[in-house]
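A quick write-up on the structure given underneath.
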Amino acid sequence: MTQFLPPNLLALFAPRDPVPYLPPLDKLPHEKHHNQPYCGIAPYIREFEDPRDAPPPTRAETREERMERKRREKIERRQQDVENELKIWDPHNDQNAQGDAFKTLFVARVNYDTTESKLRREFEVYGPIKRIHMVYNKRSGKPRGYAFIEYEHERDMHSAYKHADGKKIDGRRVLVDVERGRTVKGWRPRRLGGGLGGTRRGGADVNIRHSGRDDTSRYDERDRDRERERDRRERSRERDKERERRRSRSRERRRRSRSREKEERKRSRERSRDKDKDKDKDKDKEKDKDKDRDRKRRSRSRERKRERDRDREKKEDRVEGEVPESVDVPQDDAQTGDLGIDGIELKQEPEEKNRDRDRERDREKDRDKDRDRDRDRRRSHRDRERDKDRERDRDRRRDRDRDRDRDRDHKRERDRGDRGEKREERVPDNGMVMEQAEETSQDMYLDQESMQSGDGYLSTENGYMMEPPME
């Protein structure tokens, strides 16, 4: 194609000059020759260190040992810090500790959102307050969760000490105690290894048992409340377990009934399928019998037809073989009747007739066979189509029955579930009514016990029976 281009375009397709060959600057790896062959290390063995002069191996510290060492060092460091702080700690010369120590009340476990005005409102009910000192973190300025309240009278401090312990302020129950740093000899705060822990009573067993409360009657009431709450929880737990057992039993019964119904449906379907199969077999047998009967009938008709044909042939042969004696046949006519043209005998005509008759009979037999074969083919095709239609109808009926059974099962399960839920809703309602009645009776009993008597009064702050304040 390019040969027909003009010369100016052919010049564009001309090949370039070949790249000039330049010898490589470096030799290939297999062409390089090493000046010195490889040598052994025998001359350098004397430079090695003698194994006998090597230092003994050092034992490294394991992870567990390192953690234990760090924990021990931390404890020792903390003990050293406590000892150093104990040397310089003097509560009597503390600049932040002001006022009379015997009129000062210590309040702990205070909510971080509680303000000084809220504390003043809560503790002014016991007496006039002189000063409130809330402790804050020196670095971040956030509250530490405790405060010191100084009353104007010592009896007001004692009243607050007795009645305000366990009082709920801003969602938290506070712990109330006297100031022990300047009133108890040898007292040390908890950060220096002292303190009362989480309570103001003393021993570990008492602290854990009473959780920082001082009044024995209040402990007893609180224990009774705990026991009552525990019993209520146990009863509710037992009711839940019984309800769950009833539900499980009902579910098991429903499951068993569903399984039985499924088995019954399966057996009924199998029985109906067997009946259909038996009916099909009976129909097939009847059909085979009809076919055999038709075949036998056709064979008998063919036999009768053959017999009639034979009888007819015999009669014709008998009629042709008889010649009347009264008729005189001339000799010339007899000779001409016996001999045909060119001397052929005329007695061969019955043989040809017999041969034609046999040929015609064979043709009729073949026609009958073809007709019977076509009839059987049409009948078998019709039977196959009928069987297919019957099988299709049977599958359609089976699918319809299966869908109907499934819908019935879903409806029955839904009805049972609704009845079970209604029954369970009725049962807990009665149980809750009884439980509420029991709680109401218990609360009335407690209210009767906590009524004001001649020796004490009912505190509106925490609801405990207290002794009247000392004059």
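Quick reminder: no glycine exception, Cβ is built from N, Cα and C everywhere.
The annotation region 'Disordered' is assigned in Swiss-Prot to 48-78 (among others).
According to Swiss-Prot, the compositional bias 'Basic and acidic residues' annotation covers 60-78 (among others).
Swiss-Prot lists 92-202 with the feature region 'Required for interaction with U1 RNA', giving similarity to another entry as the kind of evidence. In terms of DSSP secondary structure, the region 'Required for interaction with U1 RNA' (92-202) contains 29 helix, 30 strand, 52 coil.
Sequence annotations record features per position, and here Swiss-Prot assigns domain 'RRM' to 103-184.
Look at Swiss-Prot and you will find 187-471 (among others) tagged as region 'Disordered'.
Sequence annotations record features per position, and here Swiss-Prot assigns compositional bias 'Gly residues' to 192-201.
The feature compositional bias 'Basic and acidic residues' is assigned by Swiss-Prot to 207-245 (among others).
For the compositional bias 'Basic residues' (246-259), same-chain residues at least 6 beyond its ends with a Cβ under 8 Å from one of its own Cβ atoms are 409, 413, 416, 420, 424. The compositional bias 'Basic residues' feature in Swiss-Prot is assigned to 246-259 (among others).
The compositional bias 'Basic and acidic residues' annotation in Swiss-Prot covers 260-293 (among others). Through the fold, the compositional bias 'Basic and acidic residues' (260-293) approaches residues 376, 379, 383, 387, 390, 394, 398, 401, 405, 409 of its own chain, all at least 6 residues removed from its boundaries and within a Cβ separation under 8 Å.
According to DSSP, the compositional bias 'Basic residues' (294-303) comprises 10 helix, 0 strand, 0 coil. According to Swiss-Prot, the feature compositional bias 'Basic residues' maps to 294-303 (among others).
Among the features that Swiss-Prot reports, compositional bias 'Basic and acidic residues' is placed at 304-321 (among others).
The compositional bias 'Basic and acidic residues' annotation in Swiss-Prot covers 344-428 (among others).
The list of residues near the compositional bias 'Basic residues' (294-303) in space but at least 6 beyond its ends in sequence, with Cβ under 8 angstroms from a Cβ of it, reads 365, 368, 372.
Per DSSP, the compositional bias 'Basic and acidic residues' (344-428) is made up of 83 helix, 1 strand, 1 coil.
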